[in-house]
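Sharing the feature lines straight out of Swiss-Prot:
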MOD_RES   48  phosphotyrosine
MOD_RES   176  hydroxyproline
MOD_RES   181  hydroxyproline
REGION    241-410  region 'Interaction with TRAF6'
MOD_RES   361  phosphoserine
REGION    364-410  region 'Interaction with AP2B1'
MOD_RES   383  phosphothreonine
MOTIF     386-396  motif '[DE]-X(1,2)-F-X-X-[FL]-X-X-X-R motif'
């Protein structure tokens, strides 16, 4: 018989191994009408805890300047949301009962494990990182969500790295089930001294929604009734990042470009389908490019398009990402003619996003002894449960330097 699949649970311990945090996932989905709740468990060494309390915080922050520029008490960082949860001693009236995963973890880890729970507001931005330049140091700019667990006598007490756990989670969106209409655009250019004759450009995409890594098919149709000659046709994909903080500024960055020496003579027509694929691997040196995660990690890609709920307050949205295909005709002695086609670039909703149901089995009548060596979790009953523990750190690209505890995703 093969091994039955287990429920994956991510864990990370403090440097002194006295505190361990467990989460069922690292990415939390924004469904527009609701956001996945953050439910986890923190395990504490009781001998180390003594008379202190256990706090867990969730912070959404927007860093809009390099960390090495934080001088004279000025920080290029704005906290968009902060929530605190006292995991131990438990509050008299907890906000909600433990979830199913928390119940299973509490039974497995024993009496020194304590649940925590956060609700992410719907108006908070999704996680976006702006790609740093080759010479940039410190934390990258962008929006991130951090969970921090620590022991202290009060929430105001300063915590130390050695006895605290920091985890960067991501708030993500997946592609909608019903995509929008097929993008298309057209324009007509009249030239001076051309006897009212015109150059007509029409372009369209085969669909509106594309997944990361999927090629885009751009259909270009040119009707040249003018006396001008189209010398070249350029097709490019541009990423637009609207930075919404104190004021709104827009940055654009080409992520894929294609240039063909396709000429369209006067009084002729032309039709062709161009294929172009925007990939992060072709843009790893571009400073300020919006990404879904850290550049050093394997699951990183170009930032997904941001889907904004109708009526949302854009002032607290952080970074809004969108994409457009630009088709440009290079015309001899007459200026260029171009159109833009907006499209959506996202990940499909994974099939394993919903946790598989636990196999039906009769409940055990006898109590299972809990091992005292909880920090290492060398348990004797692993074969009786379907929980699989995995380190929280994400897989790195080969050759990337390890930043140890300062790494945002470790």
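Our numbering is plain: 1 for the first residue shown, then up by one each step along the chain.
Positions of Cβ are set from backbone N, Cα and C atoms, glycine also.
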I'd like the Cβ neighbour count for residue 181 (hydroxyproline), meaning other Cβ atoms within 10 Å of its Cβ, all protein chains included.
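If we count other Cβ atoms within 10 Å of residue 181 (hydroxyproline), we arrive at 7.
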Long-range neighbours only, meaning 6 or more apart in sequence with Cβ under 8 Å: which ones does residue 48 (phosphotyrosine) have?
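Sequence-distant Cβ neighbours: 16, 18, 151, 163.
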Give me the count of other Cβ atoms within 10 A of the Cβ belonging to residue 176 (hydroxyproline).
14
Tell me the coarse DSSP state (helix, strand, coil) of residue 48 (phosphotyrosine).
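Helix, per DSSP.
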Can you tell me the mean pLDDT for the region 'Interaction with TRAF6' (241-410)?
71
